[in-house]
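Below, the features straight out of Swiss-Prot:
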SIGNAL    1-28  signal peptide
BINDING   Trp28, His38, Asp157  Zn(2+) 1 binding site
DOMAIN    29-277  domain 'Zn-dependent PLC'
BINDING   Asp83, His95, His153, Asp157  Zn(2+) 3 binding site
BINDING   His163, His175, Glu179  Zn(2+) 2 binding site
DOMAIN    283-399  domain 'PLAT'
Amino acid sequence: MNKKKILKFICSAVLSFTLFSGYKSYAWDGKVDGTGTHALIVTQAVEILKNDVISTSPLSVKENFKILESNLKKLQRGSTYPDYDPKAYALYQDHFWDPDTDNNFTKDSKWYLAYGINETGESQLRKLFALAKDEWKKGNYEQATWLLGQGLHYFGDFHTPYHPSNVTAVDSAGHTKFETYVEGKKDSYKLHTAGANSVKEFYPTTLQNTNLDNWITEYSRGWAKKAKNMYYAHATMSHSWKDWEIAATETMHNVQIGSAGIIYRFLNEVSGTINTTENSKINEIMVVIKTANEDKAGTDHYIHFGIEAKDGKKYEWTLDNPGNDFEKNQEDSYRINLKDNKLTLQDIAKTWIRKERGAGVRDDWKPEYVKVIINSDVKYQANINEWFGDNKTFYINNK
């Protein structure tokens, strides 16, 4: 939606500073061709799993691991893509996550005076895990692996000490310098196993919490806190090269082992070895909408997502991110916070998206698909590929 929001001067100044000074706002280095630190992390995570635990895993997990391994290049490319997504936020706001505040730097940094972004590295991981799981179960293994790689990118981001501390390249030159330091030595940090006792002491812990949504958050929080603590202990610009080497070694080892844990949980989820549970009360809804890749498919009109409960009560939210959403060939994601609501999964009778009647010139819209994620699971989805005129409502109650 081209709402032509004017960001405040400070944001423009910061963006100019970031771009023209050569600083990067993203975390571990990664190349568009699926190489660099991010790709090394996921590659080693797969090797760690193969060396540690796959041989003793259930047959279904072994088979799914073989599929994943055969799509390793997709995993690698996915792991670097978020830094090159042309439609991403200019300052990579959603790559940050402070595990103590649950915010990215747009909520925690005093210098950032523009529009707050409610997506974080942690929420992106949950979203992409759900999307990858959904595609895998459909047999779309390449797409699923690519999406999982993207999720692992965000998981990797909050292992670099600066990201979980919400310290950007604007806050400290150390942000980029530390990442460059690690990139130059990345091969020296390679791991090939999570440890001699990992089969008994680590991997089982990744399956104990059957509530997937809660597990992703708390598993991520544990690792992110380690990285944040490492920032203050060894990784600021005031620390020595010896300190930086301590921080680099610790965080790079952690992210490889942690990523192996994410992949192991994913393989068990899609293999059906976990009796997954979920919260009845809905705390958050994520809505993912792709606008068709056709001429004039985008719209400037408002789009809404709605729910009707079985008691007849209706809820509706405007889907509106900072910047331009619902543009041609663009996928947009929205987080709807329901923590103060008493709505449960069992209450839902209908879900929909609705295009509002706009003032003035007619501006039709053609969505390609919509997916609704609750509890790290795609609950409702639909392939649409229809033109929406004024005030059109589309119901999306199919799984």
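From the backbone N, Cα and C atoms, a Cβ is placed for every residue, glycine too.
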Indicate whether His163 (Zn(2+) 2 binding site) is helix, strand or coil by DSSP.
coil
Any idea what the Cα distance is from His38 (Zn(2+) 1 binding site) over to His153 (Zn(2+) 3 binding site), rounded to a whole Å?
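One finds 7 Å between the Cα atoms of these residues.
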Could you state the CA-to-CA distance between His95 (Zn(2+) 3 binding site) and Asp157 (Zn(2+) 1 binding site) to the nearest Å?
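Approximately 6 Å lies between the Cα of His95 (Zn(2+) 3 binding site) and that of Asp157 (Zn(2+) 1 binding site).
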Filter the binding-site residues Asp83, His153, Asp157 down to the ones within 10 angstroms of His163 (Zn(2+) 2 binding site), Cα to Cα, kept in sequence order.
Asp157
Roughly how many Å separate the Cα of Glu179 (Zn(2+) 2 binding site) from that of Asp83 (Zn(2+) 3 binding site), to the nearest whole number?
14
What's the number of neighbouring CB atoms sitting within 10 A of the CB on His175 (Zn(2+) 2 binding site)?
25
How long is the line from the C-alpha of His153 (Zn(2+) 3 binding site) to the C-alpha of His175 (Zn(2+) 2 binding site), rounded to the nearest angstrom?
17
Which residue, of the binding-site residues Asp157, Glu179, has its CB surrounded by the fewest other CB atoms within 10 A?
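Least crowded of the binding-site residues Asp157, Glu179, by Cβ count within 10 Å, is Glu179.
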Just to confirm my parser: what is the rounded mean pLDDT across the domain 'Zn-dependent PLC' (29-277)?
93
Rounded to a whole angstrom, what is the C-alpha distance between His175 (Zn(2+) 2 binding site) and Asp157 (Zn(2+) 1 binding site)?
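Their Cα atoms are separated by 12 Å.
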